[in-house]
Amino acid sequence: MRKIESVSLVGLGAIGAAYGSRLHNELKESFRVVANARRIDKYSSSGVKVNGDVYHFNYITPEAKADSADLVIFAVKNTELPQAIEDVKHHIGPDTIILSLLNGISSEDEIYSVVKSDHILHSVSVEIDAVRENNEIRFSTLGRIVFGDKSKSSSDDVLAVKELFDRAGIDYTISENILHTMWWKFMMNVGINQTSAALKAPYGVFQTLPIAYEWAESAMREVVELSRKTGANLTEEDVKSFWPILNNLSPEGKTSMLQDVEAGRKTEVEYFGGKVCELGKRYDVPTPVNDQLYKFIRIIEEKEKLEI
């Protein structure tokens, strides 16, 4: 079995920095963060603080020559993915394993359309409540990465990533049905990300107000209906399985979409509610909850641009 000795990460937000800190502790200088010069200056000036510990990662610009990495991890927002693929192209060789931690159900296909690699594993990060403020990231639970190969459960690439995560102390689950798992995560994001952004509410609101959680569930159930058209076949049990996960998160924790709304950034609503509405039209499945959530969050985004 091959051993992963070098990792290149693109995307140093809350998720990237949280897992990146563990990989840096294990790989030292063989863990590289790919970023443009402006971001490197920002990160390097005072370091990146993760749960109180300051990290000075090994940064490299996209233009710099680099040996191909054993593993490349994408941890950017969906809107940043096309540029991220371009930025990390020098790090991807014929045998490089690729792992995408992006939300949604389309990033792996988008990466494949450019790099044409047979070493792309499908993955999701779950149960993590990392929050970023400037160069400081904090979390009460690191959660775990669920990953797998669409064609077989225990490929050499899967085993290599498993061995790396064991060394780095990153919790994981190897999925026997990664398509179902990715739709399950998509369902959760569609529910909790969008409703939290619309309400500007942290996890604690959904833990204590049944009416708020019921709203999130209603958005999730529309994804369940769509999943039956794609072969992912989510069930009501999948919807209910989010409740114990939610209760384990910090009440003060915030979804990535809520963090984007509070910072005045563009959200990933096109990849959540927008995708649900698109698939609903394709498969003739009604999606009234997501139709309204999509419009609501788009209004929030546009309102930020107004000077009133």
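Just so you know, glycine gets a Cβ as well, placed from its N, Cα and C.
Annotations in TrEMBL come from automatic prediction, not curation.
The residues of the domain 'Ketopantoate reductase N-terminal' (9-150), classed with DSSP into helix (H, G, I), strand (E, B) and coil, number 49 helix, 41 strand, 52 coil. Annotated domain 'Ketopantoate reductase N-terminal' per TrEMBL: 9-150, in sequence order.
If you look up TrEMBL, you'll see 177-300 marked as domain 'Ketopantoate reductase C-terminal'.
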On average, what pLDDT score does this prediction assign to the domain 'Ketopantoate reductase N-terminal' (9-150)? 95
